[in-house]
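Notes follow once the structure below has been shown.
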Amino acid sequence: MQRRIMGIETEFGVTCTFHGHRRLSPDEVARYLFRRVVSWGRSSNVFLRNGARLYLDVGSHPEYATAECDNLIQLVNHDRAGERVLEELLIDAEQRLAEEGIGGDIYLFKNNTDSAGNSYGCHENFLVARAGEFSRISDVLLPFLVTRQLICGAGKVLQTPKAATFCLSQRAEHIWEGVSSATTRSRPIINTRDEPHADAEKYRRLHVIVGDSNMSESTTMLKVGTAALVLEMIEAGVSFRDFALDNPIRAIREVSHDVTGRRPVRLAGGRQASALDIQREYHARAVEHLQNRDPDPQVTQVVDLWGRMLDAVETQDFAKVDTEIDWVIKRKLFQRYQDRHGFELADPKIAQLDLAYHDIKRGRGVFDVLQRKGLVKRITEDETIEAAVDTPPQTTRAKLRGEFITAAQEAGRDFTVDWVHLKLNDQAQRTVLCKDPFRSVDERVERLIASM
């Protein structure tokens with residue numbers, strides 16, 4: 001499947017600092033954030049004009065699920081659009097707090113852990129054919145996903161009883177299973193709950209919940225692009241060396257704690273391999289696969305950055321990727337800050353900087369400051385991100401959903417939508433079932449819109 005439906009779901013961390021005496025719980029802050037949404041959507045679980053879903057998840061975490069995308073740049077644009085949507089809610093909520101005499105600054109973090117040790121996720125979704133052998137996909141993907149943090153982790157300072165240590169991944173410490181149907185209780189690497197949001201006879205949805213939330217556009221593209229390419233190779237019958245892990249949960253933590261990528265992890269049967277070895281194998285197969293597939297500049301870009309990042313890890317010279325990969329950007333930032341101020345990695349100011357890197361408010365968040373200074377590479381433009389805030393992808397089913405929502409809102413009609421249904425809540429209860437996520441034109445939807 002060279003054209004694939006993909007999406008990213010991001011849960012955001014929330015906190016608020018107060019200027020006055022009255023303090024609000026995270027639940028109350030979340031309610032302020034979503035007050036504007038509830039006022040027009042009558043719910044804290046809504047679909048937007050750009051086809052995305054916005055809702056309040058378990059534990060007062062706002063969650064943004066992008067619309068269905070079918071190429072990587074489009075997906076990065078819609079992922080970044082989610083930050084803008086949440087930033088607008090943040091600004092609106094701060095104004096409401098001020099009007100009510102509760103002075104406070106609200107912070108939304110696109111990260112995966114809070115100071116209390118709780119974790120919240122960034123989930124990737126990939127459409128796969130129902131006909132394929134799902135267990136083979138899981139078997140081949142698992143070693144890739146366990147070691148993928150080496151190339152696209154968000155980076156984190158982990159405070160251990162002995163000392164502070166820099167880790168590649170925020171999510172690795174919170175994963176407890178390889179493949180499972182649960183998402184919160186056991187936090188697997190791959191979630192197998194079968195909810196295709198499409199024709200269940202043709203498709204299923206691969207739900208990857210091990211990844212970090214990325215600030216860097218290049219890292220987001222690399223994270224999703226490499227996974228999509230490995231999936232494509234599995235479907236094409238490409239054979240890989242057997243890297244089945246003896247204990248994926250131990251391995252994911254060992255890999256996260258080793259920025260050299262050389263620490264051996266145990267494979268099934270007693271063999272050993274490093275994260276660098278494993279990623280080199282997948283990358284080598286990808287380079288070969290590119291010779292046999294239709295040319296795609298985005299995929300070529302992904303394979304190029306993948307190779308450059310592995311070279312950087314091998315040589316420990318990150319100069320050629322230090323504007324593109326989150327954990328490299330962050331580690332360089334920490335090292336400069338430590339050198340300038342003489343801080344240890346365990347200093348609370350480093351932890352503060354770690355958190356501020358993920359602050360999505362423009363002009364305040366550290367990543368945004370680096371971006372404005374030209375210290376991180378971009379693959380999108382502000383104009384295309386702003387467009388994605390209100391406009392759905394034009395090549396997928398999201399276009400139908402977005403057009404229906406826009407038309408219904410402008411006509412003042414009551415409606416209900418989800419990923420596959422578009423329904424007018426009138427006497428006739430007319431509903432269109434959109435089971436094909438690749439289809440962006442549908443006469444039934446056009447007729448439904450025209451009837452408003």
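Each Cβ is built from the backbone N, Cα and C atoms, and glycine gets one as well.
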According to Swiss-Prot, Y55, E63 bind Mg(2+), and the residue from E9, E124, E133 that belongs to that same site is E9
Close in space but at least six residues away in sequence, with Cβ under 8 Å from that of D57 (active site, proton acceptor), the same-chain residues are E11, E63, Y120
Note: among binding-site residues Y55, W419, least Cβ-dense neighbourhood at 10 Å is Y55
Using a 10 Å radius on the Cβ of R53 (ATP binding site), the other Cβ atoms enclosed count 19
Taking only the CA atoms, the spacing between T66 (ATP binding site) and Y55 (Mg(2+) binding site), expressed in whole angstrom, is 12
Filtered by Cβ under 8 Å and at least 6 apart in sequence, the residues in the chain of E9 (Mg(2+) binding site) near it are E63, Y64, A65, T66, G121, C122, H123, N125
Comparing local Cβ density (other Cβ atoms within 10 Å) for the binding-site residues E63, T66 points to T66
